[in-house]
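S.K.: Sending over a structure as structure tokens; questions will come in a sec.
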């Protein structure tokens, strides 16, 4: 028999009754039932119930074992009585009668429990992550993550992609976040950067003639953490294709990702035909470029119904500024004053003056609008709004007015809030879509200049001619995002492979041809030697897994994440370098300047 096990803790079945077997694992739980000890032994695969009765030679040692000790047990497989069968466990029809126990490793008193809900402080969980990872939910999440990545690799191979790896030590490039820098010992005073994404390398692969590339790529960005983004590093399914239009990318990746979602969705419906929603439409309908399409609320402009109306706050705004619009946020079943007042109070908590509303109710046979706005604009306008939005008895509508560029985010948050409060969102489904036609440039209020809105390597719609003749803020890009349930899960574009167009685009944000050659020399040179039209995308693996398992944050699907302060509490990173290390790197630490 093997030194440690003949079976795993999930392997034994009724067909094994009468067999003498050996299993090893962690003591999950010990129970004393009238002098008979029951030990639940756990390993990576599952749990087996072990019985140690007082007549067993293993009983004396069994009395000493404690939770999370690692032990080996030899014993006889017996069938459980009918009234003790546990149908929720694969091994629930049998139990193992212990004949011999060996303690392989004792455990100290645990700083946190390893079963049940993780109600301990996060820093404790991260410091003892090796214990936290023994929890069933987290353990299964990590296994699911690995399975998702394996599925991605398999599916990508099936549609003709080949996996290539790109360098980790590279040059710094402006991808929209701070770089993690690595000092060079051989070249004092210079630094490598960890890649924020393999963007330039994958484009160079297309120039080199590799037709369809993909990679499970680690990416490093020195940015503040949030629920849907881990500090430090994250992983993406990175891909690039030659001789393609954006439709080719969409038609390749949407069915592929739908298949992956269906494989792990546990029966939940998944979008098969992804809608393609222009960025401007998404902003106006949903108040977001990553809309949750499970929420049925669709916003509409109702400016005309308030222009010249008796509600002077809106009417005066409309009359004094042509940019002003009034957007309606229809809320079916929201027609109670209590709900409307809660929404108004929430808006005030967000720094808004309030949230105007109308709700409709039947008075006898007549459907009437109620609330201060209805009184001010009158019955005819109120009914016109209701008709436009398709509302009825028991429904409500909220209104936001001003310059849409300034209020659309709040309007989108109000849409989400109303959908949540009214329980309109079907959470047991995956709604996927493409957001397309992103603006190529945006105005940076901080720097008072035009800047790239997203990926600077995207192809502008209209090409060089658009850059030469159009207002840059009106130019769209061949850029697209994939969105699932309100989360951006991918971003991609058709790339700009023309050196002239590349320089013209960067000139719009204040960079000269010399700057382009200095910062992106490899890519700029490559484009002068025959570059195919190409495009691609990058799907965020961490976010996709988070959605599939229903985790609340990314730390619940990552092996060894950092905390919110970008510290690895288990390994003690970041750490202080030794004087010798600093001398070798020609680095002298300078204390940060204290702010008053």
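Backbone N, Cα and C define each Cβ position, glycine as well.
Swiss-Prot lists 33 with the feature site 'Important for tRNA non-discrimination'. The annotation L-aspartate binding site is assigned in Swiss-Prot to 175, 221, 454, 495 on the grounds of sequence analysis. Residues or ranges marked as region 'Aspartate' in Swiss-Prot: 199-202. The annotation ATP binding site is assigned in Swiss-Prot to 221, 222, 223, 488, 540, 541, 542, 543.
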S.K.: Rounding to the nearest whole angstrom, report the longest C-alpha distance spanning 221, 222, 223, 488, 540, 541, 542, 543, listed for ATP.
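M.R.: Taking every pair among 221, 222, 223, 488, 540, 541, 542, 543, the longest Cα gap is 19 Å.
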S.K.: If you count the C-beta atoms lying within 10 Å of each candidate's C-beta, which of the binding-site residues 223, 542 ends up with the smallest number?
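M.R.: Comparing Cβ neighbour counts within 10 Å for the binding-site residues 223, 542 gives 223.
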S.K.: Which is it, of 33, 221, 454, 495, 543: the one of these recorded positions whose Cβ has the most other Cβ atoms within 10 Å?
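M.R.: Per the Cβ count within 10 Å, the most buried is 495.
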S.K.: Tell me, how many other CB atoms lie within 10 A of the CB of residue 488 (ATP binding site), whichever protein chain they belong to?
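M.R.: So the number of other Cβ atoms within 10 Å of residue 488 (ATP binding site) is 16.
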S.K.: Have a look at the recorded positions 33, 221, 454, 495 and say which one has the shortest Cα distance to residue 543 (ATP binding site).
M.R.: 221
S.K.: Compare the Cα of residue 495 (L-aspartate binding site) against each of the recorded positions 33, 222, 540, 541 and report the nearest.
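M.R.: Sorting the recorded positions by distance from residue 495 (L-aspartate binding site), the top entry is 540.
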S.K.: Can you figure out which of 33, 221, 454 (the recorded positions) comes closest in space to residue 542 (ATP binding site), comparing Cα atoms?
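M.R.: That would be 221, nearest by Cα distance.
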S.K.: Measure from the Cβ of residue 540 (ATP binding site) and count the other Cβ atoms within 10 Å, all protein chains considered.
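M.R.: By my count, 24.
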S.K.: Could you check which of the recorded positions (33, 221, 454) sits closest to residue 541 (ATP binding site), going Cα to Cα?
M.R.: 221
S.K.: DSSP on the region 'Aspartate' (199-202): how many residues come out helix, how many strand, how many coil?
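M.R.: Split into helix, strand and coil, the region 'Aspartate' (199-202) gives 4 helix, 0 strand, 0 coil.
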S.K.: Near the Cβ of residue 222 (ATP binding site), how many other Cβ atoms are there if near means within 10 Å?
M.R.: 15
S.K.: Of the recorded positions listed here (33, 488, 540), which is spatially closest to residue 221 (L-aspartate binding site) when Cα positions are compared?
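M.R.: If we rank 33, 488, 540 by Cα distance to residue 221 (L-aspartate binding site), first place goes to 540.
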S.K.: Helix, strand or coil: which one is residue 543 (ATP binding site) in, per DSSP?
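M.R.: It is helical.
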S.K.: Work out the three-state DSSP category of residue 454 (L-aspartate binding site).
M.R.: coil
S.K.: Taking 10 A as the limit, how many CB atoms besides its own sit near the CB of residue 541 (ATP binding site)?
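M.R.: Taking all protein chains shown, residue 541 (ATP binding site) has 21 Cβ neighbours within 10 Å.
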